[in-house]
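A.B. asks: Just lifted these from TrEMBL, have a look:
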DOMAIN    A:2-41  domain 'NADH-Ubiquinone oxidoreductase (complex I) chain 5 N-terminal'
DOMAIN    A:69-352  domain 'NADH:quinone oxidoreductase/Mrp antiporter transmembrane'
TRANSMEM  A:15-36  transmembrane segment
TRANSMEM  A:48-65  transmembrane segment
TRANSMEM  A:102-123  transmembrane segment
TRANSMEM  A:148-172  transmembrane segment
TRANSMEM  A:184-205  transmembrane segment
TRANSMEM  A:211-233  transmembrane segment
TRANSMEM  A:240-263  transmembrane segment
TRANSMEM  A:269-300  transmembrane segment
TRANSMEM  A:321-342  transmembrane segment
TRANSMEM  A:362-394  transmembrane segment
TRANSMEM  A:415-437  transmembrane segment
TRANSMEM  A:590-608  transmembrane segment
Amino acid sequence: MEHLNIDSLFLFDPLSAFFLCVIFLISLPSAVYSIGYLKGESSGLKTALAWFLLVLFLISMGLVVSVRNVFVFLIAWEIMSLVSYFLVVFDTKHEKSIQAGTIYIVMTHIGTAFLIAAFLIMFKYAHSFNFAAIKSACSLMPPQTRNIVFLFLLIGFGTKAGIVPLHIWLPYAHPQAPSHISSIMSGVMIKTAIYGIIRFVIFILGVNSSWWGVLILMLAVISCLVGVIYALMEHDIKKLLAYHSVENIGIILLGVGLAMLFISMNMPYLAVFSLIAGLYHLINHAIFKGLLFLCAGAVYKATETRDIEKLGGLIKKMPQTAVYFLLGAMAISALPPLNGFVSEWLTLQAFFLGAFSVEGGYRLFLGLCAAMLALTSGLAAACFVKAFGITFLAQPRSRYAQNAKEVSLSMRAGMFFLSFLIVVFGLAAAIIIKLLAKVASAATGINTSSMSFSLNNFILSPQAGKGVYLSTPLLAAVLATLGIAGFAIYKLVNREKAVIYKTWDCGYYKLDSRNEYTATTFSKPFRIAFSFFLLPYRKTQKIRESFYHVKSFAYETHTTMVFKKYIYEPILGLVFRSAKFMRKIQPGSIHLYLSYIFVTVLILIIFMRKF
Amino acid sequence: MIKILIILLQLIFFIAVSPFISGVITKIKNNARMRKGQSVFQPYCNLVKLFSKGEVISETSSWIFKAAPFIVISSSLGAALLIPVFIFSGQTYYIGDFLALIFILALGRFFLALAALDTASAFGGMGSSREMFISSLVEPAACLVVFSVSLQFGSTNIASFSGMHPVSISSLVASFALFLVAIAETSRIPVDNQETHLELTMVHEAMVLEYSGKRLALIEMSSYIKQMIWFFLIAQIIFPIAVPCSINTAQIIPWCLWYLARIFMIAGAVALAEVSVAKMRLFRVADFLSFAFVLAIIATICAILGV
């Protein structure tokens, strides 16, 4: 019965507390939001079911990050996966939900299988399920076994986190769930996988070979780029956001991977600093991605479509939602002085500071990783200019967008709270970084009491001797003052009222929404520049009335999903082919089965005699 | 109090000098083409003209279109504050470093791209899409240049680039890479052409096509300032010189002259580059910027080798 003891079951170190904090910071506004979101969507019983599943989901996530027993951890992990599966297929109106749910549940169980394998290997050495016992046993593990355990954990948690190429389920499952669930899944659930990596790889297993960190960095860079490039091509607003989750998991893992690299190189300051950068981006991503999914849900609720090609002009119909989406878009594009900027700056600084301490080839490697992170943030900015510009600006492209109305108060309240957090986490960076230092210290076991990451409560200063500073409050003050001063001067000089007139139309006089730029055209330069990876193809068809007269023109363009086509479809084909083969030897005839048994017995007898 | 005065002085310096650089570039270009050309003070006249004119605002636009010019000018001026000119003991580098500067400039660009989409004009969308395409490809090269430079100078603090370092191969290559980046960022030939309004080629001009009057003046002003910032950074990497530590007229006047002389050297190089190459197709710009990226990698390798 000793397992039921609370102390031996729960663990409340700063790392667990941090993740609990992330879970409830995002879930609370999402729950408030769901009051308005679920209204009118489904019957009373189904709404009650939605609430029940939501609560179960939160409890299971809370358990995942706070238990100290591998066995209970797995149970909580499995409950979390199953409940989220039910939430993905919750919206039964769409056929796609079932397909998305199936892909999700298969992928997540492949991940869990690897986790179970890793935990069993750990159990073999520790003879206990307790974290502390496993931690002490792991130091005695032979290096090959450690490497295998690490790879199993990476695949297991990587599937949940959505690391490329294990991300395949993410863009299907996240958009299909109701929006407040998408926001929790993207904002929080995939972060439990990061918790798993930090807890089991850094805290329990301990990092002592540098290739672990390098592997994670490489996977992270690939995830960043693949995620953002696919997001640029996507026109379903929730799918676009789901691909951005793949990208941002990559950015978080850049911080975590760097921390592992520096731990193995025995550089405690840099290890803690990198982990802080990763954790900071983790909570930031939870906030702004949670917010963006809620805004996408509001757009869906108001217009009944998720296709941004059919939207436009919503800033006039839904002014508040537009402001919240704009803030989220600015934060995810790492624009100062919001929170995404701070954590990307910290991650870049971790690379730059690390480069001073490492040798030769590692320097170039870190530089290239930093450059790829910069490319990612540039592409993300482009993607959100597209997402915000096409959805909210210009003229409505369909009647869905024309008839949109601002959403209910409870939905706006949820979005407001998260927008507020975006600003707070941007401006209070120097205070938050001190709290995160404690979390990083608990995760790595490094004493951080003598390390300083900020000059005072306003100015960040990693490695004070280098003279590198960043102060978001000061920056915000400067930008605001300059902007307001500019506006004041403008108002002083301005004597006449601006003329409101039509957009210049080259004398065409019939400018309407069909002349606007669309999301497809916006992303065309990117489609061409990255065509080596996207493999775009297009189909044009002339619809003729007669030989001489072309009545209309059909045009279609798509990109090839490389991972799906060249990795998953061949594997799936193999599974189906082997199943077909199995069917042949299992035709249902009792005579054949009897002969199988006879042959088996014969072989066994010969085997026993001979050997 | 003196700090605020110095900050104001720096802002005025940037506002006052930056249009002149554009005027000089146009003059050199015209002279190289055997034309007399407009006066070097033409950009000032243009600004005054635009400032005294009324505005036409598109009826389909929202507050984004109206607010964007103020955000753009505040981001350019905010970035200009991070440049060590009159800040003798270095107070403003507490605001941010070289990396922060790149992100601050991105803020202005983001809003300008949104404003371009806001007017529902296909030209705006075209400019916005192209601008974001080019700027996202610029980022990795710019970041790697900062990386190689910080390896050399020991920090990403812009004020620290002013140590008495001898010119090295790495800083030469890095500054050339940054030169290419600056050409793309300041919409110069071969990436973009400031002199044309041809819809097939324009990038920046397409974005600001719907602006007129005072708001256009603000946007023009902020592009001048942005241009001066980039030229300063290139100059500071090739010819790193120390910022004077005290307010001492004997030091300041030669410093200011040398400061401006370096920027005009870069401006001359840009003008000659502009007259000697043709504008590229948009999709060739990707190759152009890949070249800048490769140069930045070479600069990093040189910095690692210590040459």
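If you go along the chain as it appears here, the first residue is 1 and each next one adds 1.
Including glycine, each Cβ sits where the backbone N, Cα and C put it.
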A.B. asks: Which whole number is the mean pLDDT over the domain 'NADH-Ubiquinone oxidoreductase (complex I) chain 5 N-terminal' (A:2-41)?
C.D. replies: 86
A.B. asks: Which sequence-distant residues neighbour the domain 'NADH-Ubiquinone oxidoreductase (complex I) chain 5 N-terminal' (A:2-41)? Criterion: at least 6 residues beyond either end, Cβ under 8 Å.
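C.D. replies: Hits for the domain 'NADH-Ubiquinone oxidoreductase (complex I) chain 5 N-terminal' (A:2-41): 47, 50-51, 54, 58, 61-62, 65-69, 72, 130-131, 178-181, 183-184, 187-188, 191-192, 195, 198-199, 203, 279, 282-283, 286-287, 290, 294, 297, 301, 407-411, 413-415, 417-418, 421, 436, 438-439, 441-443.
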A.B. asks: Sequence-remote contacts (6 or more beyond its ends) of the transmembrane segment (A:321-342), Cβ cut-off under 8 Å?
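C.D. replies: Tertiary neighbours of the transmembrane segment (A:321-342) are 244, 248, 280-281, 284-285, 287-289, 291-292, 294-295, 298-299, 302, 314-315, 377, 380-381, 384, 387-388, 391-392, 406-407, 412, 415-416, 418-419, 421-427, 429, 460, 470, 472-473, 475-476, 479.
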A.B. asks: Might you confirm whether the transmembrane segment (A:362-394) is in contact with the transmembrane segment (A:211-233), defined here as three or more C-beta pairs under 8 A between residues 6 or more apart in sequence?
C.D. replies: yes
A.B. asks: Do the transmembrane segment (A:362-394) and the transmembrane segment (A:240-263) share at least 3 Cβ pairs closer than 8 Å, excluding pairs fewer than 6 residues apart in sequence?
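C.D. replies: Touching, yes - the transmembrane segment (A:362-394) and the transmembrane segment (A:240-263) meet the threshold of 3 or more Cβ pairs under 8 Å.
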A.B. asks: Under a Cβ pair cut-off of under 8 Å, which of the recorded stretches A:148-172, A:184-205, A:240-263, A:269-300, A:590-608 contacts the transmembrane segment (A:48-65) most often?
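C.D. replies: Answer, by Cβ pair count: A:184-205.
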A.B. asks: So, do the transmembrane segment (A:269-300) and the transmembrane segment (A:148-172) meet, by the test of 3 or more Cβ pairs under 8 Å (sequence gap 6 or more)?
C.D. replies: no
A.B. asks: List, by number or range, the same-chain residues at least 6 past the transmembrane segment (A:148-172) whose CB is under 8 A from its CB atoms?
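C.D. replies: Beyond its ends, the transmembrane segment (A:148-172) has Cβ neighbours at 81, 96, 99-100, 103-104, 106-108, 110-115, 117-118, 121-122, 138, 141, 189-190, 192-194, 196-197, 200-201, 205, 212, 215-216, 219-220, 222-223, 226-227, 230, 234, 239, 242-243, 245-246, 249-250, 253, 563-564, 567-568.
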